[in-house]
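Chemist: Quick one: the structure is below, questions incoming.
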Amino acid sequence: MTILALGINHKTASVNLRSKVAFDDQKRQLAFEQIQHRALAESVVILSTCNRTELYFHNAEITPREEHEDNIAWREQCFEWFAEIHQLEHNELRECIYFKQNMESARHLMRVACGLDSLILGEPQILGQVKQAYQYSENFYQSQNSHISTKLSRLFQRTFSTAKRVRSETEIGSSAVSVAYAACGLARQIFDNFGKLRFLLVGAGETIELVARYLIQHGAKNIMIANRTPQRAETLAERLNTPMQILSLSALQIGLNQADIVISSTGSPDMLISKEMVEIAQKQRQFDPMLLIDIAVPRDIDENAGELDAVYSYSVDDLQHIIQRNMAQREQAAEQAAQIVDEECKAFFEWLKQQQSSDLIKRYRQDAEQTRQELLAKALVALTSGQDSEKVLNELSYKLTNSLLHVPTQALQAMAKSGNSQGLQSFSKALKLEEQ
């Protein structure tokens, strides 16, 4: 039995190549069908994100020893299929692709799900993507009146519980390491109840979208968006499925007069919010605390605005200092997380070994029972035909003993022939035999 991980990621391949090996819904469905038709694996889970494409195969018939010729041949078959479905030359993929099997494949999957292998260390989105990949696979096999193999399913369930444990026992995801999240984290440190605050977001690009999503997730209900093109701000509000007040840049002063927190990120070459505008707003607001976070380069907000009473002003440079400090904390937490992954990985393989021994014992007993029934049937026929009962029973016991001892005897002879003294000793101990 072998679990094989095959993939490329942001560490091994360019964006261009990663885009070529991505699986959309149509290609994923085709992949499931081809893998099943070619009997490449008993089950497979396909993980495809912007930063990685990985396939986790389970094949019960392949030896787990990496150097074994069956294993090498199977890995090559999987690689050739992967190149074929993406219509890529082998040479283009060979240097970028990686293979991991059994313990290493399980450890890799757990590290991926915990965010330890992500471009942004500890990012939480990858766990949801791994869960979605598993669900896609489960849906396919159910549509075929089948299911994901027990062992591969157990690996993914163990992975999900490991990621949950890492999140609860370490600080891997507690500190913001992106500008957008750092800005929102700073706002939460200064104001504790987003639901009662009024926000002004300036811009409607990717960074502001991330900011808006974070604010909404943490209870913000009163958000204004000011943008040079109001239609783009309206599109953003629709995408977020949240009612927002849309302003043009010419109406910035109106928004400032109402805002407790201003977060700005535009591509404007000119400053948009002057110290004088903030001063006017503060008079309108009766000098209630105001937080200004400028994450634009060049600046959107006058750096001198922070000199005003009850105004807290931060720039992208301030946020970078926060991010650096938080990243150091995440790296420390990542060491703890890696230890948890190792523990859970070992625990999974202990379970796997128990399952394999149980399966082996079950098959051995089934074979023995089949032999017993066949010999018993012959003995009953002999007795019915009038043969001597003592002779029939002696023959039954003789043949049954020979049949049950045939395979173990062959194994002992093979070990003796190869000079496997350790194997002979283990066999002798297991059978409670005393050396003569």
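Using the three backbone atoms N, Cα and C, a Cβ is placed for every residue, glycine included.
Sharing the feature lines straight out of Swiss-Prot:
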BINDING   Thr49, Cys50, Asn51, Arg52, Ser118, Glu123, Pro124, Gln125, Gln129  substrate binding site
ACT_SITE  Cys50  active site, nucleophile
SITE      His108  site 'Important for activity'
BINDING   Gly203, Ala204, Gly205, Glu206, Thr207, Ile208  NADP(+) binding site
Chemist: Would you mind checking how many other C-beta atoms are within 10 angstroms of the C-beta on Ala204 (NADP(+) binding site)?
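Modeler: Within a 10 Å radius of the Cβ of Ala204 (NADP(+) binding site) lie 25 other Cβ atoms.
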Chemist: Whole-number Å only: compute the distance from the Cα of Thr49 (substrate binding site) to the Cα of His108 (site 'Important for activity').
Modeler: 16
Chemist: Quick check: with Thr49, Cys50, Asn51, Arg52, Ser118, Glu123, Pro124, Gln125, Gln129 left out, which same-chain residues have Cβ atoms within 8 Å of the centroid of the substrate site Cβ atoms?
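Modeler: The answer, listed by sequence position, is Gly115, Leu119, Ile126.
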Chemist: Which one is it, among the recorded positions Cys50, His108, Ser118, Gln129, that lies nearest to Glu206 (NADP(+) binding site) by Cα separation?
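Modeler: Going through Cys50, His108, Ser118, Gln129 one by one, the Cα closest to that of Glu206 (NADP(+) binding site) is Cys50.
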Chemist: Identify all same-chain residues not among Gly203, Ala204, Gly205, Glu206, Thr207, Ile208 whose C-beta atom falls within 8 angstroms of the centroid of the NADP(+) site's C-beta atoms; report them in sequence order.
Modeler: Glu209, Leu210, Val211, Leu236, Ser265, Thr266
Chemist: Is Cys50 (active site, nucleophile) helix, strand or coil when read with DSSP?
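Modeler: For Cys50 (active site, nucleophile) - judged by DSSP and reduced to three states - the answer is coil.
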Chemist: For Cys50 (active site, nucleophile), write down the residues of its own chain that are at least 6 apart in sequence and whose Cβ falls under 8 Å from its Cβ; none is a fine answer.
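Modeler: Correct list: Arg18, Ala22.
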Chemist: What's the number of neighbouring CB atoms sitting within 10 A of the CB on Gly203 (NADP(+) binding site)?
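Modeler: A 10 Å sphere around the Cβ of Gly203 (NADP(+) binding site) contains 27 other Cβ atoms.
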Chemist: Express in Å, rounded to the nearest integer, the largest CA to CA distance found among the substrate-binding residues Thr49, Cys50, Asn51, Arg52, Ser118, Glu123, Pro124, Gln125, Gln129 named in the record.
Modeler: 15
